[in-house]
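This report concerns only the one structure given below.
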């Protein structure tokens, strides 16, 4: 669930806020009427997504900073991985052939590797694994517990533990989740980062269009 989409679908669509409410996440007012581009090309969107197999520093410098986002935005937005599932293909290299070693990623909890392997057989590209096991339908801070324990699925998330600032943030949110507390800091920060991201690359005047359907350009003449 990477959130660097240059699209109204995730940033300006009330349906996104509805999803947040349904999963007990934070609420905020999303301005409607954001103008979007006149092209809707899948590959262009994918090229703006930070890959799960890049380390956090590379993703920060290549995908976040150029869009005006910083390390705090990165660690906060990746907390969105508390929702949903991932295909095995996004992290199977960490199970079977990390960096060409034919071995698992040593950063992964050794006790967790067999469990993941039982769900992701070699070459499996269709199986789905919960990104936040036991809580993948609830928006909370529990995903940070998995990152802190070496149980994050993605290299991009696990390597947050290598930077002192992002590591401290992960550990702080993990402690809140472990205590069963309300993740006030995370919720506040997530809203701030989402608003910040929603204000990126805003089109004005005659640029772009206000789409009738967020996932597709308007038909000619509309």
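Cβ coordinates come from backbone N, Cα and C, glycine included.
Caution: TrEMBL annotation is automatic and unverified by curators.
Annotated substrate binding site per TrEMBL: 50, in sequence order. Residue 50 (substrate binding site) is surrounded by 21 other CB atoms, counting those within 10 A of its CB over all protein chains shown.
Residue 81 (heme b binding site) is surrounded by 24 other CB atoms, counting those within 10 A of its CB over all protein chains shown. Among the features that TrEMBL reports, heme b binding site is placed at 81.
Using a 10 Å Cβ-Cβ cutoff, residue 82 (Ca(2+) binding site) registers 27 neighbours. As annotated by TrEMBL, Ca(2+) binding site applies to 82, 132, 140.
In the shown protein chains, 21 other C-beta atoms lie within 10 A of the C-beta of residue 88 (disulfide bond). According to TrEMBL, the disulfide bond annotation covers 88-120.
TrEMBL lists 25-218 with the feature domain 'Plant heme peroxidase family profile'.
Between the alpha carbons (Cα) of residue 50 (substrate binding site) and residue 140 (Ca(2+) binding site) lies a span of roughly 22 Å.
Among the recorded positions 88, 120, 132, the ones whose Cα sits within 10 Å of the Cα of residue 81 (heme b binding site) are 132, in sequence order.
Apart from the site residues 82, 132, 140, the chain places the Cβ of 79, 81, 83, 135, 136, 138, 139, 141, 142, 143, 177 no farther than 8 Å from the centroid of the site's Cβ atoms, the recorded Ca(2+) location. Around residue 140 (Ca(2+) binding site), taking its Cβ as the centre, 24 other Cβ atoms fall within 10 Å, counting all chains.
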